[in-house]
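S.K.: If you scroll down you'll find the structure; I have some questions about it.
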Ligand SMILES: C[S@@+](CC[C@H](N)C(=O)[O-])C[C@H]1O[C@@H](n2cnc3c(N)ncnc32)[C@H](O)[C@@H]1O
């Protein structure tokens, strides 16, 4: 009988796994290293980290209660070495304080949505299925995509579609949403995808995949406040790292990657005022970059796992602690 390598994990393959292990490895060689998986998901990266670094303790965070349930079962062989927390990584500093870890040795971010979030139609993330317009990663929060689509002003919708979806036709899509919702509330992914298609000029529609893709990405980012969570989480992760501690970030669209690049470069720069004869210790960089630019998955990985296609990896190491 042929066995599916990913049986029981929804076919999910952890992205750039070997590189993640290689980059975090040197930080996890101490007697009792602590590593944070800030996007636990199905626990694929976490399981590999726990297996590869047997002395480590792992704190796994996800805002999706299903991810916590699933990973609790999957990681049960490591129950003694894990602390799983249902929270947003935007609250990382608080989560670390609550779990009694003021410093940690490694942090992994594997941003974005998980395979089950995309594949389970009723979660409303995918334009390819007809489902209620939901898109909440945390099913306990109030804001849904339906609420955004039916209550935000034209200006707010335009800004979201432009900034988070990089949708060229943002005002047209927002305009048609406003017109259609005045006739009847827009409550399904299918109806929204039809509206987007109708708003995009026919010539453009023929190129570049499903026109709803950008609008759905934008709404997902808004509903889950993904960028503000990342803006809070990255500095908290960097601040928590011990000397020699490492952070690895996998992002999946340019907005996440830009925020990551900014957060890492801000801390790897010497901020001494120009023209000083000697560098000032207080202005020396606290971190060094471990990656040149953003690393991409190999061709071989892409052939195996098409969902890795948009991944960008950046990493940094703490080389100084505050005096
Ligand atoms: C790409 S998946 C992670 C997959 C995981 N690395 C694995 O190997 O199974 C991203 C996960 O991050 C979670 N997530 C996204 N934004 C989050 C946030 N701000 N705080 C906590 N979890 C978040 C999602 O719910 C999703 O489960």
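Any Cβ shown, glycine's included, is placed from N, Cα and C.
Values in this document were obtained by computation on a predicted structure and should not be read as measured data.
According to TrEMBL:
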- 43, 44, 45, 62, 110, 117: S-adenosyl-L-methionine binding site (BINDING)
S.K.: Measure between the Cα atoms of every pair in 43, 44, 45, 62, 110, 117, the residues the record assigns to S-adenosyl-L-methionine, and report the largest value in Å, rounded to a whole number.
M.R.: 17
S.K.: Which one, from the binding-site residues 43, 44, has the smallest tally of other C-beta atoms lying within 10 Å of its C-beta?
M.R.: 44
S.K.: For a quick check of packing: other C-beta atoms within 10 Å of the C-beta of residue 62 (S-adenosyl-L-methionine binding site), how many?
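M.R.: By my count, 27.
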S.K.: Name the residue among the binding-site residues 45, 110, 117 whose Cβ has the smallest number of other Cβ atoms within 10 Å.
M.R.: 117
